[in-house]
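Here's the structure, in structure tokens; my notes come after.
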Ligand SMILES: Nc1ncnc2c1ncn2[C@@H]1O[C@H](COP(=O)(O)OP(=O)(O)OP(=O)(O)O)[C@@H](O)[C@H]1O
Ligand SMILES: [Mg+2]
């Protein structure tokens, strides 16, 4: 009720409109129909997670948002712009940046070349010095071939390179997958810091204990649909339900 | 007369120079093929025809417009490169989702059509194109006589090859190219216009072939078949060097030109086949080519 009252005030509707609104999203790999009407939204400055079993459609949802799924229908409105028919390079220019599950480090590029590859989209990106402060390893290894880095360093590089671009909406696909606890902590601290700086983040996570330390809300994905939304405060009370959803 | 290994030195160095000149053309042409293959994944069988078009463009600039060699060295690659861009936009770009074979057949067919058109118009006897006045004559190097124009061809080709290598391996634009070769989807997702890059890369590869054509015009007669004869050898060079390797195609191009020249001195009967024999041997030992990376 309070929300409805707020929304009627001039300007308030705009302030509460989500930064990203996904509605009835469907997506296909060739003939195979993978997303069946995903609907969810993300507000400015929020960190939300997509939780779900292997093959639920989390990665496909991210690929649809950044625009690299061949066939997708429905509606994805980012910052007031409908992007469902846009090529990915234009979506990127709106300020959306993607860290793929497989990290996407280029083997024919050095670490510094990988870092400098994504062009600046908007002002306000991190400077190289700020990035090296966050990830000192990258500075030491800047001349190495990108794929000669360790798994954790590659993950840092993959995140670091999009922080330069000025994009404030990040899609992080399983940034902690396969990493040692110290590195997971470091990535958690980085996400926390980005959140404090006003970034909006969608995080895909298998590890909901980790997700709980950084996120505001959690969407549960099953067979290409959102089947539940759990605010972070209710996570502890929802453990049984989550175990059922995730089969852990 | 001074002799080395039972061969007059003048003859030896003469053939080595000839080999170096042929090597210059092998290097420039296989480099263009490598650049195109790297990003487009298409073996550009129109390359020989585009080299020929470069030579014809300079002939036409001179005979129809009175524009000489030096401006032609810039203009002909731009003009022929532009026709390459049209070809890529109109036809080649439709094939990216299909098997390699389609691109090969298309570019091969387009090459034949272009050669046929030029044959109809200009016949096959060849048109003369003079050496620019600044480069006539030659130098006596003591051990051999070196025509100035041939020296220039080697130097110009080296400069162009090294500049191309530098752009691809050492600049930001080159980093985009290398990245897009590896993972075009992700590069596009960073906001980079990959389709435009592909089109321009094809144009640049074609312009390289045309540049070689302009250099060739004063040496070989300007002839609709000049590319068809050369390109067969160039494909062997590409196979030996490893498809898609930039430095590999430059080194292999020059080296095989020299090997061919040496063969002419010591065993002339094999000079026209030696490159193909090397190709077979390399394929047996390293199927990906000397500088190729196995996928
Ligand atoms: N390239 C592809 N071609 C065909 N089907 C695919 C492809 N990638 C994924 N799929 C299928 O689409 C469905 C959703 O996959 P997706 O990668 O989105 O799952 P996910 O939730 O990210 O899983 P994970 O937790 O394992 O990363 C799965 O059934 C998968 O088999
Ligand atoms: Mg996934």
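The backbone N, Cα and C atoms fix where each Cβ goes, glycine too.
Curation does not apply to TrEMBL; its annotations are automatic.
The transmembrane segment annotation in TrEMBL covers B:29-49 (among others). For the transmembrane segment (B:29-49), the list of distant contacts is 87-88, 92, 95-96, 100, 103-104, 107-108, 110-112, 114-115, 161, 164, 168, 177, 180-181, 197-198, 201-202, 204-206, 208-209, 212, 227-228, 230-231, 234-235, 237-238, 241, 243-246, 248-250, 252-253: same-chain residues at least six beyond its ends, Cβ to Cβ under 8 Å.
Annotation comment: TrEMBL describes B:61-80 (among others) as transmembrane segment. Same-chain neighbours of the transmembrane segment (B:61-80): 50, 53-54, 129, 132, 206-211, 213-215, 218, counting only residues six or more beyond its ends whose CB sits under 8 Å from a CB of the stretch.
Residues or ranges marked as transmembrane segment in TrEMBL: B:100-118 (among others).
Residues annotated as transmembrane segment in TrEMBL: B:149-168 (among others).
The transmembrane segment annotation in TrEMBL covers B:196-220 (among others). Within its own chain, the transmembrane segment (B:196-220) is flanked in space by residues 21, 24-25, 28-29, 31-33, 35-36, 39-40, 44, 46-48, 50-59, 69, 72-73, 76-85, 87-89, 92-93, 129-132, 149-150, 153, 156-157, 160, 164, 176-177, 180, 226-227, which lie at least six positions past its ends and keep a Cβ under 8 Å from the stretch.
Here TrEMBL flags B:232-259 (among others) as transmembrane segment.
Residues or ranges marked as transmembrane segment in TrEMBL: B:265-285 (among others).
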